[in-house]
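Engineer: Got a structure for you, questions after.
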């Protein structure tokens, strides 16, 4: 909305500042943070009042969780999504279609996660929406978004998988890219969902990935920078940096309340939405493979679950003491702060590795 102040710049030259994506990204970040700081306590109190016993804790998990996390409300993703939405609506260019496509995926996945959390809390069980139903809805949302991105973009780039490290090497998948893109978005959403198991574990790597893709979006959406770095120019995607800024701000606000011992969990409401957002941005800016590097921590968590389930079904034996892998380290005696901070360090290193691909051509 504030973007429209540019129209008054002839009378008020100071309003020219709203032309700059960097300025509006900073504004979105501050707005998202302030919103969560201001309304977070009220949201937490209401969720605690309405949920009663809070998020059900796994009885087969680390026994310490039954004592330290019992009664903690979930659905904290509502705080993040509210701050993200307010920051985006206020500061992003309302005429940019990429903004609305990514925001639609984010809120759509957030709704799926919210309903899943609602089922778990009301029934006090880990069985929310059936896995098949949840995946079906996610694929419908992601597929529609990827179809829009392919239709909106410049052919053949919009329907191609770009290979990093090489100049102009890409695989044109045609409309099959819609299916591939949907897998990227759904995979990212569920990978972040699996990572969200300890206080602060998911939100910081999400913010690191968001900062990385905010930079990538800005560069890919700028013809000069894209040509210099020899990456594919995708007109209009620079505006996605504003969304990433809003997420960073809202994430910082949420971390204030999610720091151990957490006052609230983001739940599926937050983790599915944020993962879906990262996946859809990666598809929009044509850096799907780079997402697997920058979000390597999420990939590791997801792969650990896949390996654990496959191994147990095929051999009757478990590879890890418990999956996802952060619980494996808990069972090995690592403290929660050790796991969380070490995983943060890994996330930073992976983000730097992913960003380095921008120059390696």
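Every residue, even glycine, has its Cβ placed from backbone N, Cα and C.
Sharing the features that Swiss-Prot gives for it:
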TRANSMEM  25-45  transmembrane segment
TRANSMEM  72-92  transmembrane segment
TRANSMEM  95-115  transmembrane segment
TRANSMEM  135-155  transmembrane segment
TRANSMEM  169-189  transmembrane segment
TRANSMEM  200-220  transmembrane segment
TRANSMEM  240-260  transmembrane segment
TRANSMEM  264-284  transmembrane segment
TRANSMEM  289-309  transmembrane segment
TRANSMEM  338-358  transmembrane segment
Engineer: Residues sitting near the transmembrane segment (240-260): Cβ under 8 Å, six or more positions beyond its termini, same chain?
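Structural biologist: Apart from its flanks, the transmembrane segment (240-260) reaches 21-22, 24-37, 40-41, 44, 76, 79-88, 91-93, 98-99, 102-103, 199-200, 203-204, 206-207, 210-211, 213-215, 217-218, 221, 266, 270, 274, 277, 281, 284-285, 336-337, 340.
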Engineer: Taking a Cβ cut-off under 8 Å, which residues six or more beyond the ends of the transmembrane segment (72-92) line up next to it in the same chain?
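Structural biologist: Same-chain contacts beyond the ends: 1-3, 24-25, 27-29, 31-33, 35-36, 39-40, 43-44, 47-48, 51, 54-55, 99, 103, 106-107, 110, 113-114, 117-118, 120-121, 203, 239, 242-243, 245-247, 249-251, 253-254, 257-258, 262-274.
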Engineer: So if I exclude everything within five residues of the ends of the transmembrane segment (338-358), which remaining residues of that chain have a CB under 8 angstroms from its CBs? That is, six or more out.
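Structural biologist: Sequence-distant neighbours of the transmembrane segment (338-358): 164-165, 198-201, 204-205, 208-209, 211-212, 215-216, 219, 229, 231, 260, 290-291, 293-297, 326, 329-330.
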Engineer: Pairs of Cβ atoms less than 8 Å apart decide it: which stretch in 25-45, 95-115, 135-155, 200-220 has the most with the transmembrane segment (264-284)?
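Structural biologist: Of the candidates 25-45, 95-115, 135-155, 200-220, 95-115 scores highest.
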Engineer: Against which stretches of its own chain does the transmembrane segment (25-45) lie, if we need a Cβ under 8 Å and a gap of at least six residues from its ends?
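Structural biologist: For the transmembrane segment (25-45), the nonlocal Cβ contacts are 2, 73, 76, 78-80, 82-84, 86-88, 90-92, 214, 218, 241-254, 256-257, 263-264.
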Engineer: What parts of the chain pack near the transmembrane segment (200-220), using Cβ distances under 8 Å and only residues at least 6 beyond its ends?
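Structural biologist: Sequence-remote neighbours of the transmembrane segment (200-220) are 21-22, 25, 80, 192, 226, 229, 231-234, 237-241, 243-245, 247-248, 251-252, 254-255, 258-260, 262, 266, 270-271, 274-275, 277-278, 281-282, 284-287, 290-291, 294-295, 297-298, 326, 339-340, 343-344, 347-348, 351, 354-355, 358.
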Engineer: Quickly jot the same-chain residues contacting the transmembrane segment (289-309) by Cβ under 8 Å, restricted to those at least six beyond its ends, or write none.
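Structural biologist: For the transmembrane segment (289-309), the nonlocal Cβ contacts are 161-164, 184, 187-188, 190-192, 194-195, 205, 208-209, 212-213, 216, 275, 278-279, 282, 318-320, 323-326, 328, 343, 346-347, 350-351, 353-355, 357.
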